[in-house]
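Enquirer: Please see the structure below; I have some questions.
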Amino acid sequence: MEHRKLAFIGAGNMSRSLISGLIQSGYPADSIIAANPSRPKLDALAADFGIRTTQSNAEAANWAQALVLAVKPQMMAAMLGELLASGLRFEGKLLISIAAGISVARLQHLAGGHDNIVRTMPNTPSLLGLGMTGLYARPQISQADRDYCQQMMAAVGKTLWVAEEDGINQVIAAAGSAPAYFFLFMEAMAEEAQKRGFSAEEARLLVQQTALGAAQMVAANPGLTLAQLRAQVTSKGGTTAEAIRSFQHNQLERLVGDAMAAAVARARELETQL
Ligand SMILES: NC(=O)C1=CN([C@@H]2O[C@H](COP(=O)(O)OP(=O)(O)OC[C@H]3O[C@@H](n4cnc5c(N)ncnc54)[C@H](O)[C@@H]3O)[C@@H](O)[C@H]2O)C=CC1
Ligand SMILES: O=C(O)[C@@H]1CCC=N1
């Protein structure tokens, strides 16, 4: 991919995931800088990946051709406001937001009218190269800038472009927030396995290996529907059928639907507040 000078503004969990993936895919370390107010995360990034670091957002932003805006949504206005106040000119720079709940229009406003902005929604498995990222750009964004974002996110996993900006909120519900749903499900299973006599380590092994195997089965069998894969496990009159019956009796599908709707609602609410 094109190796633009790339700055991560905010050096938290998601920046670490993305930087790790980019370095593993061959992005030159000296073309990446991370900025954060405090040193410890910067020091860890420098030690682990050999990238440049700074405690000055303005220094990183001035140097870079592309900026990943990777602070918490609640910090975005202050962070961009300070960059503008420092005299930074965004002209010629591509802004790539990974923040939930901040629209392109709002980012443009916060960036003093600069409109070369791509909105993305990655997730934490990017750290392992197994991320799932949604991307959205307004029609006027150049193909070169789209390709750059596409390649950046493809370096850390799979990508999906959405045609409408609200699609990013739908990606949040189905992928950005969703690793936590699976963790919650696994937590519940592991707790129950412990109650049934397994040690904590044994319970984790049982759940982790089964989740990994199930996800790999899905990925390895694109020709089978999820329902067909489930049917392969579900012997007539057997044990799985009873477990599935219990889930369905307790309306698992409704629970999942409500949870995803709640994530979308919160993303839309943030868009009106931040
Ligand atoms: N954690 C996740 O699963 C995902 C998070 N996101 C988005 O990524 C963004 C970052 O999230 P995380 O990495 O999880 O948060 P985090 O809290 O781990 O990282 C944010 C970092 O920004 C730093 N920071 C705070 N104020 C700053 C400022 N003024 N200038 C520069 N850095 C500043 C903090 O010290 C911290 O290191 C958020 O906008 C979130 O919506 C998107 C997809 C998934
Ligand atoms: O919970 C959040 O708001 C962020 C966005 C997607 C995952 N984490």
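Here the Cβ of each residue, glycine as well, is placed from N, Cα and C on the backbone.
TrEMBL labels come from automatic prediction, so no person has curated them.
Predicted, not measured: the structure shown is a model, and the values here were computed from it.
Taken from TrEMBL, the feature NADP(+) binding site covers Ile9, Gly10, Ala11, Gly12, Asn13, Met14, Ala70, Val71, Lys72, Pro73. Per TrEMBL, NADPH binding site is recorded for Asn57. According to TrEMBL, the domain 'Pyrroline-5-carboxylate reductase catalytic N-terminal' annotation covers 5-101. Feature annotation from TrEMBL assigns domain 'Pyrroline-5-carboxylate reductase dimerisation' to 165-270.
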Enquirer: Identify, among the binding-site residues Ile9, Ala11, Ala70, the residue whose Cβ has the fewest other Cβ atoms within 10 Å in this structure.
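Expert: Counting other Cβ atoms within 10 Å of each of the binding-site residues Ile9, Ala11, Ala70, the minimum falls on Ile9.
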Enquirer: Within 10 Å of each Cβ, count the other Cβ atoms and name the one among the binding-site residues Asn13, Asn57 with the highest count.
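Expert: That would be Asn57, with the most Cβ atoms nearby.
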Enquirer: Taking the Cβ of Lys72 (NADP(+) binding site) as the centre, count every other Cβ atom within 10 Å, in any protein chain shown.
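Expert: The answer is 13.
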Enquirer: Just checking: which of Asn13, Ala70, Lys72 have a Cα that is within 10 Å of the Cα of the residue listed as 'NADPH binding site', counting only these binding-site residues?
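Expert: Within 10 Å of the residue listed as 'NADPH binding site': none of them.
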